[in-house]
Amino acid sequence: MAERGGAGGGPGGSGGGSSQRGSGVAQSPQQQPQQQPPQPQQPTPPKLAQATSSSSSTSAAAASSSSSSTSTSMAVAVASGSAPPGGPGPGRTPAPVQMNLYATWEVDRSSSSCVPRLFSLTLKKLVMLKEMDKDLNSVVIAVKLQGSKRILRSNEIILPASGLVETELQLTFSLQYPHFLKRDANKLQIMLQRRKRYKNRTILGYKTLAVGLINMAEVMQHPNEGALVLGLHSNVKDVSVPVAEIKIYSLSSQPIDHEGIKSKLSDRSPDIDNYSEEEEESFSSEQEGSDDPLHGQDLFYEDEDLRKVKKTRRKLTSTSAITRQPNIKQKFVALLKRFKVSDEVGFGLEHVSREQIREVEEDLDELYDSLEMYNPSDSGPEMEETESILSTPKPKLKPFFEGMSQSSSQTEIGSLNSKGSLGKDTTSPMELAALEKVKSTWIKNQDDSLTETDTLEITDQDMFGDVSTSLVVPEKVKTPMKSSKADLQGSASPSKVEGTHTPRQKRSTPLKERQLSKPLSERTNSSDSERSPDLGHSTQIPRKVVYDQLNQILVSDAALPENVILVNTTDWQGQYVAELLQDQRKPVVCTCSTVEVQAVLSALLTRIQRYCNCNSSMPRPVKVAAVGSQSYLSSILRFFVKSLASKTPDWLGYMRFLIIPLGSHPVAKYLGSVDSRYSSTFLDSAWRDLFSRSEPPVSEPLDVVGRVMQYVNGATTTHQLPVAEAMLTCRHKFPDEDSYQKFIPFIGVVKVGLVEDSPSTAGDGDDSPVVSLTVPSTSPPSSSGLSRDATATPPSSPSMSSALAIVGSPNSPYGDVIGLQVDYWLGHPGERRREGDKRDASSKNTLKSVFRSVQVSRLPHAGEAQLSGTMAMTVVTKEKNKKVPTIFLSKKPREKEVDSKSQVIEGISRLICSAKQQQTMLRVSIDGVEWSDIKFFQLAAQWPTHVKHFPVGLFSGSKTT
């Protein structure tokens, strides 16, 4: 609650009112009906909480809360008949203090054993057995769950001046509270409190005088409707001597019927059923601090009218249509009853009006939409870890051009709109010619499993917003493979972009790099999928062939597969390996997009969950082989970290990932330094030469399947790679929108480069990763000077290889460097920078200069199996003159040294990198996936959840942790 309740004290009280946070309502004496005789109070309904009583004075109660303002609670209390100060007069019987209080406390949804229940308590009498405090003229009765911060207090109860007193009460507490089924944490505390005082002045806060405990588990099993005496003790340890007693009239704990409540009250948002227990009490931010709940109720009914007006406009089905099958059955039964024709009426429909028929047709349309959204399969799209695309969209103007950029808030809406426009002919003649060539290749392959989704894959590319007249498609048609249809999508999918190369490249550049490049017009006018590579995949649907391959592997709930091989088939290398494995009937799943990777891993996690439910023994780790580039492994890592964050830590041992590199792969290179058998299998020259070609070989030069299965069968040891965190602050395309943040896990290398405005060329080296992010240069590339020097002095971290080559771009307006400010903190006081830097490791260190490149690695040193808790950074700077700045390491200049110098800083626990000029946007590559329009980013050496390591399988004889 955002405001303090304005409740006043009873007659003769302090008059200060309740100072606790909450909301209350008080009725004036003129509006109250005649007082009824005392009787047990029923629990107040959650929505229309109302209490009536009669008296010359009333006051409101407040629900105290010390939690955050995001949780909602409401307390309604009416007090009457408070005894006057000084006790009752002669011959008069004091009227009982009457109050009705209601509150809703939040439920811990992370625990499956926590359920909401409604607790009702009626207090009849307060007996003070001992004098607890001098000058005690008023007390407050409060209830609180043990271990919780929420407190529900009554108004001040005025006590007579005499010491030992009996006060008649008629207090009713109705609490919706979280009940834990599997632990002893259901103790309700009934406390006797008074206002705190300082030098005879009342101050904020309450002092607890006595406490009594009620076991809610016993109340749930044995409700009490008779007289019950609860002793209150000033010392919890000494329960033999009570200082006060409270007589309880009724005591009960009842379950909450959410279905009955929701059948009477309409939902107010499309996704209200996601959290059905608490959403019924939610108000908008403007009304959360209101002291008048009736005002909130009026707004609720106004919102009901608005929903009726907008019924025809809102066609998005709520998430309950996906997750709750009983609702669909109820709708269907209700519709069948409406269509049932009685014998008296006959078969004539003349009495049915057109309006009724139109209303039934609308209901049928909504039902069909619900049935289409609901997918009962165990490995279907409902298990995907995608962002919510069914939330209420912000009103925005539709872009004039279909392929132009949208903000991330509009990407969700556009993804739904694109589904309805799959049949539109929006392709240009050049695109049609390219698509015809691709389609002819598919027909030649005679692949029946792919013919059903030809149209879907073409339109999926349109949904990425990256189709243009310069799309490089015909080059890939040279190589007809089984899954060659995915190449069309591979040239546009941003999660598979492994470099920043453009079509104007050297002939020595591998075909894979040229095919995965994007034209300049696309990079400058692309959609949000370029800025956020995983946003564009929310519109995709996994192909039918993916589910067919999964069904062949996941055959039974009683047994788990020993291994699953995931292959990235967006390029010829993956298609080549997949075809060889499929010929020998290996458990292969061909994936072409991030959403398909998520679908496969979701199905695997679901099957592991079913196995655990059916078996008492722990499952053995399932080997998941990832055949592809570093960016492909990054998509698997992101889903792994996100999915297992909501599961218990023992799930971290249920899967073991096997990395099979196709092309340059920094993580695989580190694994080869730890495991010599792994290095000889996947890092030898024969393997590299095979997959660095521009086209697949005519004959098989080496036993690819034998090497893969040798690794799959022999990887019996788990090596834990630490998972680091990258927080990216991205700029929206629209200037009036605020920036947003993305949290990306990574295990390899993060590289920083300048946003290019012109085409650039890329050198090709065997040791440099394909994903090397380049900085524009005003000089032509030099293969003999700069790159060699950048990695020679001082020796860089072996895990970073030699990917510090500076690539030139003569037309770049920024020159060959970028001004950056890098703030970093060292992890341990004992770790210092190389070359003997003596600065304090616990303080912030800053590098502020012009950089040619910045690269941060989370991988340990080559050959070191011992994991470190820090990162290593390699920077290449440009020297303005012969004088070395004080912030850099001092060294003697070489004779043939160019105007750059390399520096390695180790032991970094946290790092923040930003451009010197605010208008300069950065481009960041994280484990091979490129992210653009970055204002600044922050790196942390450890991922914040319990998923802190990525389990990788190695051969048994390797040096593992």
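Placement of Cβ uses the backbone N, Cα and C atoms for every residue, glycine included.
In Swiss-Prot, the feature phosphoserine is attached to one residue out of Ser428, Ser758, Ser768, namely Ser428.
Of the residues Ser532, Ser779, Swiss-Prot records the annotation phosphoserine for Ser532. According to Swiss-Prot, the listed position annotated as phosphothreonine out of Thr44, Thr509 is Thr44. The stretch that Swiss-Prot tags with coiled coil, taken from the ranges 76-100, 176-200, 351-375, 901-925, is 351-375. Record check of Ser28, Ser797 in Swiss-Prot: the feature phosphoserine is attached to Ser28. As annotated in Swiss-Prot, phosphotyrosine applies, among Tyr249, Tyr670, Tyr711, to Tyr249. Over all protein chains present, the Cβ of Tyr249 (phosphotyrosine) has 22 other Cβ atoms lying within 10 Å.
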